[in-house]
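According to TrEMBL, the protein has these features:
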- 1-21: region 'Disordered' (REGION)
- 42-77: domain 'EF-hand' (DOMAIN)
- 78-113: domain 'EF-hand' (DOMAIN)
- 155-182: coiled coil (COILED)
C-alpha cells in the first residue's frame, strides 16, 4: 500500500518535471504591513490582537459564533442574518468565515467610507477604532486631522515604528541584564567559598 502511494507520488512529480501536468500555483504569502499601507504597524498589531482574542478555536478565522460573541462584547450585537451579511460583504474565499485579511478589509472599507452608517461592519469599526484622545489630543479637529495626516505617511511611520520596537527591545534587554547583574551581586553575598 505504502509502495503504491510512493510510486504514485513519484509518477506525479515526474509528470510535473516533464511539463505533462499543470503545476499548481504557489500560495501568495499575506503581509498585512505591505498590503494595508493605510494602517500603521500599531493599528495592525492592535487589530490582530483583537482578532486573535475572539478566534477561540485558533483556526485563524472568525466563524459566525465567534463574530457574534465579538459583536456582543463590543456592545453592538447583530441579528443572525446581520452577522451572515457582515461575513458575506468581506468573504473573498467564500468559506463563510472571516480570516485576518478579510478582517482588515472591514477596516479599510470603513475608513474609505464604503460602508453604510447602520452597517454592522461600520459599527464594528467605530467600536474598535475609537479615537485615542491621549494620542490625538483634544485641541479640536485641526489637531486630530494633523495627527491623522502624520499617520498616513507610511514609510516614515513604518521606519519609526520599527525603530521604536527595536528601542523597546533594547530597553527590555538592558533591564534584564541589570536585574541579572543585581541578582549575581546579591548571590555572591550569600555564597560560601
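Quick reminder: no glycine exception, Cβ is built from N, Cα and C everywhere.
The list of residues near the coiled coil (155-182) in space but at least 6 beyond its ends in sequence, with Cβ under 8 angstroms from a Cβ of it, reads 33, 40-42. For the domain 'EF-hand' (42-77), the mean pLDDT of the prediction comes to 89. According to DSSP, the secondary structure content of the domain 'EF-hand' (78-113) in residues is 23 helix, 2 strand, 11 coil.
Per-class residue totals from DSSP over the domain 'EF-hand' (42-77), listed helix then strand then coil: 23 helix, 2 strand, 11 coil.
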